[in-house]
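**Q** First, the structure itself, so that you have it in front of you.
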Amino acid sequence: MRLILLGPPGAGKGTQAQRIVDKYGIPQLSTGDMLRAAVSAQTEVGKRAKAVMDAGKLVSDDIVIAIVSERIDQDDCSNGFILDGFPRTLIQADATEKMLAVKGLELSAVVEIRVEDEILADRIAGRYTCANCGTGYHDENLKPKVEGVCDKCGSTHFKRRPDDNRDTVKTRLQAYYKETSPLIGYYYAKGKLHSVDGMAEIDQVTAEIETVLSGL
């Protein structure tokens, strides 16, 4: 099961991705995490990435694709994976398709989580994570079972992203609609796109996604 979750900031991709990970045992692959791991392990592509970053430049698409390719060759991806935050552009999406095809693989599905902009602002402003394990929470609709204690690891330390506030939501959404939303049409044309109502209760969104996945 090889998946991509699409949706604007605050749509709930992280929450739903973690539920898929827990149920199906496939890893959630973040480009940031993969990049740091490749640099730390000093893989060939990791060394290329480090040289670019040390020069103060942005890592190119071809290096990112190479890092993703290297990561999905690992044993824990043998039954599938979830791509988190990637691809972001049509160029990256096309390169990802070609990279998978070389391996004899293809995406199983692309799940779009749809949420209206005004709801996103409320969601983003209220979310926070466990500083220890990264489990996500929300002030209103996803609180820890015991106040101040992480459900997953028991930590009492939490943090909020500096850009998780109403002032930056508009800018982040504009960037999403300009760069990433064209992927919706791209994957629809390929017959891979499945849209779910991200404005429903969290468990209902999970149920809708499960309906999609069970039909693959």
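Just so it is clear, glycine is given a Cβ too, placed from its N, Cα and C backbone atoms.
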**Q** Can you find which of ALA200, ALA207 Swiss-Prot lists as binding ATP at the same site as GLY10, ALA11, GLY12, LYS13, GLY14, THR15, ARG127?
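**A** Record source Swiss-Prot; matching candidate: ALA200.
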**Q** Among the residue ranges 30-59, 60-89, I'd like the one that Swiss-Prot describes as region 'NMP'.
**A** 30-59
**Q** Do any residues of this chain, six or more beyond the ends of the region 'LID' (126-163), have a C-beta under 8 angstroms from a C-beta of it, and if so which?
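**A** For the region 'LID' (126-163), the list is 10, 14-15, 18, 172, 201-202.
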**Q** Please work out which residue of VAL59, CYS133, CYS150 has the most C-beta neighbours within 10 angstroms of its C-beta, and give that one of the binding-site residues.
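**A** Of the binding-site residues VAL59, CYS133, CYS150, the highest Cβ count within 10 Å belongs to CYS150.
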**Q** Using a Cβ-Cβ cut-off under 8 angstroms and a sequence gap of six or more, which residues of the chain neighbour ARG160 (AMP binding site)?
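**A** When sequence neighbours closer than 6 are ignored, ARG160 (AMP binding site) has ARG127, TYR128, THR129 within Cβ distance under 8 Å.
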**Q** Compute the average pLDDT of the predicted model within the region 'NMP' (30-59).
**A** 90
